[in-house]
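Student: So Swiss-Prot lists the following for this protein:
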type: DOMAIN; residues: 6-229; note: domain 'Peptidase S1'
type: DISULFID; residues: C12-C144; note: disulfide bond
type: CARBOHYD; residues: N25; note: N-linked glycosylation site
type: CARBOHYD; residues: S28; note: O-linked glycosylation site
type: DISULFID; residues: C31-C47; note: disulfide bond
type: ACT_SITE; residues: H46; note: active site, charge relay system
type: DISULFID; residues: C79-C236; note: disulfide bond
type: ACT_SITE; residues: D91; note: active site, charge relay system
type: DISULFID; residues: C123-C191; note: disulfide bond
type: DISULFID; residues: C155-C170; note: disulfide bond
type: DISULFID; residues: C181-C205; note: disulfide bond
type: ACT_SITE; residues: S185; note: active site, charge relay system
Amino acid sequence: NSLVIVVGGRPCKINVHRSLVLLYNSSSLLCSGTLINQEWVLTAAHCDSKNFKMKLGVHSIKIRNKNERTRHPKEKFICPNRKKDDVLDKDIMLIRLNRPVSNSEHIAPLSLPSSPPSVGSVCYVMGWGKISSTKETYPDVPHCAKINILDHAVCRAAYTWWPATSTTLCAGILQGGKDTCEGDSGGPLICNGLQGIVSGGGNPCGQPRKPALYTKVFDYLPWIESIIAGTTTATCP
């Protein structure tokens, strides 16, 4: 299940997640994504599935609000040089909406970063993923948590299989308790713009010294800008 949860967070205030996008199909909530301009959403490549739709402007999954908008993917782009057999390799996907969305009380794009985050930075994560690391408890409204950018060495120690590359971020709380979890995949890591995309992590979530892995958006900016500008053959770092 590609959904990740925010464990140890609290319900997000209604005005802080205007860029958060819900990816879903007929049977389930799949992932989150982030609106980066009126026509484009950024999410994780491992969130791709056949017939998904996107909802923007959602707060409670159960209670519809007048600002909600539904969109379909018009085009989807993943890195052409992504390893097919490695789910976390270049875990980034750009989606062009079938038609643009307008800014509203609950919908607004999030800016891309002008510089990468430094170790120790405090960032926000958010999503509709599981809110218990042991039970299948999913919230109606997205949960938010503050976590820290950690040194790559922490993730390398936690996940020996992980080829810690410069194009990923390691983030969490060393003592555990706050983390992204099942259901949050593809969602944002936010500090001075969209710094990361939820990619993978420990199971169960929120364990001490088992932070999560995030695709480092800053390193993909040239690719993102090329695709949006129409150069669809651009390769990724």
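In case you wondered, yes, glycine gets a Cβ from its N, Cα and C as well.
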Student: Mean pLDDT for the domain 'Peptidase S1' (6-229), as a whole number?
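Tutor: Summing pLDDT over the domain 'Peptidase S1' (6-229) and dividing by its length gives 92.
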Student: What is the one among the disulfide-bonded residues C12, C79, C155, C205 whose Cβ has the most other Cβ atoms less than or equal to 10 Å away?
Tutor: C205
Student: Just to verify a number: CA distance, H46 (active site, charge relay system) to D91 (active site, charge relay system), in angstrom, no decimals.
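Tutor: On Cα coordinates alone, these residues lie 6 Å apart.
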Student: If you count the C-beta atoms lying within 10 Å of each candidate's C-beta, which of the disulfide-bonded residues C47, C170, C181 ends up with the smallest number?
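Tutor: Fewest other Cβ atoms within 10 Å, among the disulfide-bonded residues C47, C170, C181, is found for C47.
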Student: Quick one: of C79, D91, C144, C155, C181, S185, which recorded positions lie within 10 angstroms of C31 (disulfide bond), measuring between C-alpha atoms? Sequence order, please.
Tutor: S185
Student: What's the CA-CA gap between C12 (disulfide bond) and the residue listed as 'N-linked glycosylation site' in angstrom, rounded?
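Tutor: Spelling it out, the Cα of C12 (disulfide bond) and the Cα of the residue listed as 'N-linked glycosylation site' are 24 Å apart.
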Student: Under 8 Å between C-beta atoms and at least six apart in sequence, can you list the same-chain neighbours of C191 (disulfide bond), or say none if there are none?
Tutor: P117, S121, V122, C123, Y124, I149
Student: May I ask for the distance between D91 (active site, charge relay system) and C79 (disulfide bond), taken between their Cα atoms and rounded to an integer number of Å?
Tutor: 8
Student: Through the lens of DSSP with three states only, how would you label C47 (disulfide bond)?
Tutor: helix
